Amino acid sequence: MLLKNDKAALSVLAVLAAISLIVPVCNLVFAPGSPLYFSSYTVSLLGKYLTFALLGMSLDLVWGYCGILALGHGAFFALGGYAMGMYLMRQIGSRGVYGDPLLPDFMVFLNWKELPWYWHGFEQFWFAAIMIFLVPGVLAFLFGWLAFRSRVTGVYLSIITQALTYALLLAFFRNEMGFGGNNGLTDFKEILGFNSQSDSVRACLLMASGLILMLAFLVSRWIVNSKLGRVVTAIRDQEMRVRFLGYRVEMFKLWIFVFAAMLAGIAGALYVPQVGIINPSEFSPLNSLEIVIWVAIGGRGTLYGAIVGAVLVNYAKTLLTGWMPEIWLFFLGATFILVTVLLPDGLVGFWQRRLQEQKQ
Amino acid sequence: MNGIALKPGQVDVSHGPILYLEDVSVSFDGFKALNNLSLYIDAGELRCLIGPNGAGKTTLMDVITGKTRPDTGSVFFGQTIDLLQMDEPAIAQAGICRKFQKPSVFDMLSVFENLELALATDKGAWATLFAKLNGAQRDRIEQVLETIGLVELRSQPAGILSHGQKQWLEIGMLLMQEPKVMLVDEPIAGMTHQEVERTAELLLSLQGERSIVVVEHDMEFVRSIAKHVTVLHEGSVLTEGSMDEVQNDPRVIQVYLGD
Amino acid sequence: MLIYFVSFVDKLWFLGLFKVWSIMKPNSFRWCCRVMLGFILMSPTLSIGQENAAEDAFSAALSNLKAGSMQERGQAIEQLAAVEKPQAVAVLQALLDGRLFNLKADGKLVIGEEVETDYKLTDAESGENLGMVERSATQKITVNNSLRTSLRKIIGRLQLNDDNAAVRLAAVSAMGQSIDDQSLALLRGQLIMEQDERVQNAIKLILGLEQLNSPDKRVRLAAIDLLKDQAGRNVVNRLNGLVEKDSDGHYLEADSDVRNQAEAALSKINSQLQAYAAIETLFFGLSLGAVLVLAAIGLAITFGVMGVINMAHGELMMLGAYTTYVTQQLMPNHLGLSLAIAVPAAFIISALAGIIIERGIIRFLYGRPLETLLATFGVSLVLQQAVRSIFSPLNRSVATPEWMSGTLQINDFLSLTWNRLYILIFCLLVFVLLLQILKRTRLGLEVRAVAQNRKMALAMGIPTGRVDALTFGLGSGIAGVAGVALSQITNVGPNLGQAYIVDSFMVVVFGGVGNLWGTLVAGFSLGIANKLLEPYAGAVLAKILVLVFIILFIQKRPRGLFPQQGRAVEG
């Protein structure tokens with residue numbers, strides 16, 4: 001389907017472009033108090049939503065299009081985040097509390113004498129930028145290669161993906177891993193030489209998140225509309241038939257799984273400088289399940305549905321946790337139940353059905 | 001080797017048969033689904049497999065297509081290709097294609113896209129990502145659409161097709177794979193009388209270039225298409241021959257009608 | 001049904017044993033003392049004439065004890081020791097334990113027993129009950145360290161004459177704590193008269209340790225020979241002392257024969273110790289496994305028999321744990337009873353919750369396992385938050401009844417904690433009961449029928465809807481019961497369920513879905529594997545390794561250890 005005929009895709013792109021251009025520019029140009037001013041808080045909040053949208057969209061590729069309910073997708077997000085966090089840690093240099101030029105504070109605190117080998121290279125942005133999608137990609141490749149080749153499917157696959165992220169959660173809690181243990185990585189100072197707390201950097205990060213989300217949307221859209229996209233959807237609906245047509249189903253699953261893991265890694269890398277911290281709780285199984293609910297609410301199997309779902313749910317989360325924190329889990333739980341029982345296609349599916357009924 | 005130079009991917013049928021099944025046994029939990037079964041399918045022939053429920057017809061197809069591994073026995077494609085060393089996609093790409101008992105087409109995709117997915121071409125992930133149909137491939141799809149009579153419905157989602165149309169679409173998908181052997185499991189289930197006749201014509205027109213193995217319960221249909229019939233019973237071949245010979249075989253009568 | 005009932009009655013003897021066992025708490029020193037006092041108070045052996053004279057001496061000694069300096073108190077103790085009267089021993093013991101008081105009101109000498117913030121008093125002289133009194137109404141009779149030492153010896157000496165072997169054993173080991181010539185002589189004399197083998201061994205041990213100091217090489221060798229069969233911390237320490245060098249590089253033990261003998265004895269004891277360590281690891285593994293099995297077994301029913309992924313399973317356990325908490329709040333003075341009530345109460349509450357979940361949500365989602373997973377996850381969030389709102393986000397503490405706390409001390413090197421031991425037994429009971437329910441009851445038959453062929457079962461008139469609800473209720477109820485067990489070993493809080501959900505799914509998947517025996521074997525083997533790895537890898541890494549192992553295992557055998565077989569499973 002050509003982009004110019006795809007109204008939904010065009011409007012999603014237009015809204016994204018508007019958010020990622022107008023909001024940061026208004027934040028920088030207008031003074032606080034002006035009706036056109038967007039606060040820095042809004043800027044970083046929107047930036048966070050956009051990275052979640054990217055994360056949700058990447059899960060949708062795996063779940064909505066290929067039918068693999070991955071309950072450990074947050075692990076890839078967190079790994080990307082850690083890769084970015086390591087770069088940001090190395091940028092602190094001697095400005096840390098202990099003033100060690102080489103070692104991050106937590107290593108000095110643990111009495112480590114030298115930088116672990118896997119921390120080398122992260123002082124270079126280009127290196128970190130590669131690791132941001134390479135590390136999640138490699139993990140997804142190894143895990144997927146083992147799982148898909150031995151035809152672990154359905155619920156079993158969901159449960160072992162959950163076990164994967166749970167194992168990583170436990171591992172990253174350990175100080176010996178060299179990723180800051182419980183506290184994770186934080187107290188960042190600079191990104192690419194600019195103060196990472198400043199308004200202009202925050203505005204740029206929002207812009208970058210928006211642009212990368214748009215780019216990822218276009219690439220993903222191209223993929224799901226390609227023949228590979230059709231094979232993947234066919235696998236979701238009739239895995240056996242696809243196999244008897246001569247396709248190596250496991251390779252297609254692996255391809256889409258690795259691609260989605262890389263997108264999730266990029267989302268994590270954009271998320272970390274905007275919130276200023278990455279810690280092991282990002283690996284918790286609950287986080288991965290929350291991603292699933294974004295996609296379920298928005299409507300799986302449509303890329304923009306996942307984006308809409310991610311933004312809506314997180315907006316609701318911001319509102320509710322600010323207003324009545326104890327309500328949030330009730331709300332999230334009830335949404336899980338209602339959406340799966342009453343709205344299996346999510347909001348977008350519901351909307352499309354309404355439109356079709358009106359046409360008829 | 002017998003002196004014939006084979007290109008890779010080519011099937012050696014110099015001795016006549018294209019499929020060799022020898023002493024194949026499969027058991028599930030002690031139940032012998034196939035019991036020392038031996039069967040030969042000639043290149044280009046149309047063979048019908050009949051037999052009562054539980055005779056092992058579907059298991060036989062599972063073994064040939066790689067879905068089920070036999071406990072013992074050998075399965076060869078031509079004289080040189082050992083099917084037991086290959087998995088389902090490899091067997092499919094080698095040229096053995098299968099229509100399932102329950103029609104399985106991709107409901108969300110259009111009729112055209114269903115055929116496009118089946119098209120014999122490079123089926124690797126990267127190749128598929130960048131795949132574009134060329135003129136010859138488009139023509140081939142059109143040709144098959146015509147053969148199965150679904151030209152009008154080409155851009156409709158396959159989900160809206162009738163049961164019989166789905167059966168044809170699946171046969172069309174088999175044709176798109178340019179198979180050397182087609183395994184067709186119950187092709188006329190749920191078809192109207194006219195549809196059955198057209199299916200019979202279709203299968204008859206396809207034999208010769210390729211071998212076709214049809215599993216069917218409808219004896220009238222079998223009589224209308226088959227020169228050669230194999231009767232399975234309790235996991236092994238009971239008898240083989242023309243329809244008349246088979247139908248008059250007292251053992252076959254006993255199996256079907258009971259004591 | 002009748003058969004089932006008979007077999008159930010058949011098992012009751014075991015429950016009876018269980019109860020007797022729970023009342024007794026063998027081997028602990030405290031227990032011995034308590035029993036000992038009981039026996040002393042009940043042994044009327046003295047004749048009347050002597051009694052009068054003894055009575056006077058006793059009263060005199062008691063009044064000496066009340067007043068005066070530490071020195072006078074020491075003399076009073078000697079006087080008391082000379083009185084051959086059981087109550088005298090009780091007074092001495094109370095003095096040693098710091099439970100002997102002056103009543104401020106009338107200066108009476110009393111023995112106090114702590115009951116919450118008050119004391120329950122008995123008259124020191126007559127032993128009669130004087131009722132409760134506040135702490136502030138009493139003044140403690142104090143002793144210093146040297147008096148304490150001599151008190152111990154005197155009590156030990158007196159107790160060596162006791163009729164009860166357990167009391168004598170306790171006295172011997174108490175004397176072993178601080179040995180001198182006097183007590184050695186006493187023990188030697190006792191060894192000749194002693195009939196009970198355990199007491200004999202205990203005395204031999206003490207004597208043997210003492211003989212290691214002998215200047216005579218043969219005595220030392222004989223002592224080592226004796227000690228090598230006695231695994232104990234002090235034996236190991238002493239033997240180690242024989243083979244070590246001092247700071248100048250000289251052996252502490254000059255004689256090489258003795259050293260070699262000691263080495264040999266040590267290596268014998270060490271191999272014993274390794275065996276104990278292995279037993280202990282096995283026990284820890286089994287008890288962890290028991291927890292895993294308890295957590296997973298309800299899941300094995302809902303997931304294995306019904307094909308339903310219940311992510312709220314952990315929260316149903318949490319409900320069980322909170323039920324324990326509530327019953328305990330309702331009857332704070334009857335911990336054991338509240339626990340016994342909590343088991344059926346937790347079963348009913350969690351089962352009801354499960355039935356509501358099944359009727360309200362899951363029945364709309366049959367055949368869509370991934371959707372049930374999401375919906376029940378929603379339920380789990382709601383339940384967590386409900387508990388947080390009703391109780392508090394903080395952990396609640398659930399008390400453990402006395403008979404479940406502490407350890408079963410088998411010897412110096414091997415002790416098993418009671419609560420873990422009970423949970424292991426409890427787990428096996430629950431498992432057997434569940435197996436019987438599935439095997440022998442009408443419900444069990446219907447559950448198995450529906451699990452194997454839903455349509456056929458419906459055609460035969462089995463109300464599949466009702467069976468589904470009851471099966472789900474059964475699985476959930478078991479989760480509640482598991483929660484009661486968990487409340488005894490871990491914190492009861494809103495996150496209790498989450499901590500176990502991944503683990504219990506792993507157990508079910510590892511064991512093979514639809515197979516209760518698989519769940520049992522998987523739970524125990526994962527528990528043991530975890531504990532085997534822990535010493536080498538640390539607790540967290542061990543857990544990670546087990547998780548990674550299961551992930552790899554599932555790839556190799558997607559249907560678990562004990563897969564269901566047959567054509568129905570294909571495809």
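Think of each number as a place in line: the chain as shown, counted from 1.
Quick reminder: no glycine exception, Cβ is built from N, Cα and C everywhere.
Per TrEMBL, these features apply:
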- A:12-30: transmembrane segment (TRANSMEM)
- A:36-55: transmembrane segment (TRANSMEM)
- A:62-84: transmembrane segment (TRANSMEM)
- A:125-148: transmembrane segment (TRANSMEM)
- A:155-173: transmembrane segment (TRANSMEM)
- A:200-224: transmembrane segment (TRANSMEM)
- A:245-271: transmembrane segment (TRANSMEM)
- A:291-315: transmembrane segment (TRANSMEM)
- A:327-351: transmembrane segment (TRANSMEM)
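Most Cβ pairs under 8 Å to the transmembrane segment (A:291-315), among the stretches A:155-173, A:200-224, A:245-271, A:327-351, belong to A:327-351. Same-chain neighbours of the transmembrane segment (A:200-224): 3, 9, 12-13, 16-17, 19-21, 23-25, 27-28, 40, 43-44, 46-47, 50-51, 53-54, 57-58, 61, 65, 191, 194, 232-233, 256, 259, 263, 266, 270, 273-274, 303-304, 307, counting only residues six or more beyond its ends whose CB sits under 8 Å from a CB of the stretch. Scored on C-beta pairs under 8 angstroms, the neighbour of the transmembrane segment (A:62-84) with the top count among A:12-30, A:36-55, A:155-173 is A:155-173.
Note on the transmembrane segment (A:245-271): residues 47-48, 50-52, 54-55, 57-59, 61-62, 65-66, 68, 70, 73-74, 76-84, 128-129, 132-133, 135-137, 139-141, 144-145, 148-149, 151, 205, 208-209, 212, 216, 220, 223, 228, 231-232, 235, 239, 278, 282 of its chain, located 6 or more positions outside it, place their CB under 8 angstroms from a CB of the stretch. Distant neighbours of the transmembrane segment (A:12-30): 36-40, 42-43, 46, 50, 199-200, 202-204, 206-207, 209-211, 213-214, 217-218, 304, 307-308; these residues of the same chain sit at least 6 beyond its ends, with a Cβ under 8 Å from one of its Cβ atoms.
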